[in-house]
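Working notes, beginning with the structure itself.
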Amino acid sequence: MTLIAFFFYVFAVLCIASAAMVIIARNPVHAVLFLILAFFNAAGLFVLLGAEFLAMLLVIVYVGAVAVLFLFVVMMLDVDFAELKAGFIKNAPVGAVVGGIVLVELALLFIVHGFDLGTAGKLQAATPPIESGIANTEALGRLIYTKYVYFFQASGLILLVAMIGAIVLTLRHKEGVKRQSIAAQVARNPATAVEVVKVPSGSAIVPSSQGQNS
Amino acid sequence: MSILVGYAPVLPEILLAVGAMALLMLGAFGPDNEKSGEQITWLALLLIVAAAALIVLQPPKTEQLFEGAFVVDRFSRFIKLLVLLGSAGALLLSVDYLKKKRLMKFEYAVLVLLSTVGMMMMVSANDLIALYLGLELQSMALYVLASMQRENLRSSEAGLKYFVLGALASGMLLYGASLIYGFTGSTSFPVIAGVAQAHDAAQNVGLIVGLVFLLVGLAFKVSAVPFHMWTPDVYEGAPTPVTAFFASAPKIAAMALLMRSLGVAFPGLEPQWLQIIWFVAIASMLLGSFAAIGQTNIKRLMAYSSIGHVGFALVGLAAGTHEGAQAVLIYLVIYIVMTLGTFACILSMRRGDEMIEEIDQLSGLAQTNLPMAFTLGMLMFSLAGIPPLAGFFAKLYVFSAAVQAGLFPLAVIGVLASVVGAYYYIRIVLIMFVKDPEEKFAPVSGKLGFVMAASLVFIFVFATPFVGGLIVDAAGAAAKSLRF
């Protein structure tokens with residue numbers, strides 16, 4: 001028990017510290033690396049909670065894909081962070097006022113009502129019981145293809161739209177670009193690929209047909 | 001086989017989704033030219049008609065699928081037909097414009113179809129996750145459509161602005177949804193309703209905070225004040241047929257979502273959400289009326305006009321009664337027809353290949369093209385709510401529902417706002433009929449003429465007992481299935 005508590009504090013402190021460093025770090029590449037560290041520690045916290053599937057997802061999806069993508073974007077694009085920061089500072093007071101108002105409102109609710117904000121905690125029965133002897137990866141798998149198949153398919157459609165959108169907005173068909181046509185390459189044989197030309201001595205070679213070697 | 005029969009209520013959605021994917025394959029592997037783009041647009045139109053036919057043929061009963069996440073009832077069928085009407089109208093309006101602007105791509109029709117699927121999912125959503133997924137599918141396709149004209153800076157700006165603000169609204173909505181889930185232990189609307197009713201408001205503070213955030217997200221999607229800021233810029237910047245689409249189908253779907261989530265999930269918190277709807281309705285009516293006065297661009301004007309109309313429709317919801325919900329549905333029917341007709345006129349404002357968007361350029365249209373001037377004039381009168389046109393009845397039903405519910409201040413403010421609104425609608429009529437003519441517009445194309453004529457006929461025949469009665473009865477039956 002104390003071992004779990006020890007690891008909880010290690011992961012939690014590291015997670016918060018690296019999250020703070022994401023914002024503080026001057027070098028954007030360092031910020032992304034700290035973000036990856038924060039993800040790893042959050043994954044550790046999930047493992048402690050017994051949610052090993054979420055931990056796996058966090059490492060595979062966020063560290064493996066999202067953070068690497070961030071890293072590429074930060075390194076490839078020439079983003080002027082100083083200018084971004086100037087814009088941020090200019091608008092910060094407005095944001096602080098709006099955020100402050102919401103914070104005060106929520107704090108007032110808390111002061112008036114304390115922790116008894118409603119029906120939380122009285123509804124444990126509403127969540128379905130977890131069958132014993134099943135790892136939560138398997139439990140999720142059973143649910144996602146049965147009870148939640150509609151949501152699963154709908155998410156698929158959303159991703160399809162995102163893909164179509166990315167292609168529509170960025171793909172450009174350039175004219176006059178030589179593209180590789182594998183079918184044409186494979187279809188070549190010595191009869192079509194090689195041409196025997198009789199060259200009269202003293203004159204240049206003029207190819208009789210174009211496009212054979214495309 | 002019996003499993004397949006069980007899925008019959010989702011058949012229209014499945015048809016549209018699978019059809020959109022088939023058209024995508026056809027476009028991607030077929031010949032890559034304008035002609036195939038146009039053919040795919042017509043095929044998409046055919047799919048929409050087929051889906052509408054399937055909805056009409058469904059047995060008139062309430063059915064729930066996917067563990068209650070998807071509900072098909074009279075209300076959803078009514079709204080889905082409206083949404084399909086909006087999508088079909090927008091597709092019809094876009095063919096000529098896209099050809100002129102060299103934007104004719106098969107992806108356009110595919111995105112409109114997928115967005116329509118999203119809207120139909122929103123309309124049938126009976127669960128917070130279904131609500132969010134439908135909303136996001138719809139919005140995602142709309143973001144892309146707004147920035148479709150990628151060489152145009154304004155179009156890209158419109159798409160980006162819509163995307164960023166839409167993401168913010170989605171964030172708010174998700175925060176609200178997570179609070180609601182946290183305080184009720186369920187994402188299903190009926191279960192949430194049960195928990196909310198089992199305790200009184202003082203014990204449900206957390207739930208109310210969640211409800212407020214949910215309403216913020218939904219108000220953004222219907223572009224109600226104070227979450228309307230994106231509307232004028234996006235309407236102005238997006239290609240005009242896309243603006244016509246924005247102003248019609250998605251608004252209807254988002255209003256339906258608002259009605260179902262409030263009516264089914266939160267009947268127990270009615271006093272709380274009614275206050276919010278009152279405020280939003282009044283603010284939208286006033287801003288829509290006053291801010292439109294100074295506009296010179298007709299697409300911006302239509303943006304403010306749509307904000308105002310959302311306010312009027314919300315007055316019906318603020319009544320919180322059966323008559324109110326019925327009035328909202330009637331308002332939506334009339335609004336969508338008027339909007340499509342007006343945009344058909346705006347798309348006909350063209351000289352050569354250049355689209356005209358300035359209101360001043362309509363000057364003297366009555367002398368150069370009387371039928372178009374007459375149609376646009378009548379649509380403006382109808383939007384202003386002048387009897388005996390359809391727009392008058394829309395407002396009449398909404399305000400009488402408000403008066404019956406005892407909301408006199410709301411009805412009075414609504415009438416005053418529509419008087420102010422009448423000023424800028426009638427100004428356009430004056431410009432067309434009184435001022436000296438400008439250079440002639442290009443002749444109106446057949447498709448646009450068809451939409452104009454259809455909407456013109458509709459706003460006149462709505463006053464007849466047969467057509468009006470049919471729609472009023474259908475709206476009443478649809479509102480009943482919402483527990484209003």
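Using the three backbone atoms N, Cα and C, a Cβ is placed for every residue, glycine included.
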Candidate ranges B:125-146, B:301-322 [criterion: TrEMBL lists as transmembrane segment]: B:301-322
Long-range Cβ neighbours of the transmembrane segment (B:78-98) (under 8 Å; 6 or more residues past either end): 12, 37-38, 41, 44-45, 48-49, 51-52, 55-56, 104-105, 108-109, 112-113, 115-116, 119-120, 123-124, 239-242, 244-245, 248-249, 252-253, 256, 329, 332-333, 336-337, 340, 343-344, 347, 355, 445, 447-448, 450-451, 474-475, 477-478
Outside the transmembrane segment (B:40-58), six or more residues from its ends: residues with CB under 8 Å to it: 8-9, 11-13, 15-16, 19-20, 23, 26-27, 72, 77, 80-81, 84-85, 87-88, 91-92, 94-95, 98, 104, 106, 108-110, 112-113, 116
Surrounding residues of the transmembrane segment (B:6-28) on its own chain - C-beta under 8 Å, 6+ positions past either end: 36-37, 40, 43-44, 47-48, 50-52, 54-55, 58, 63, 65, 70, 72, 80, 105-107, 109-110, 113-114, 116-117, 120-121, 124
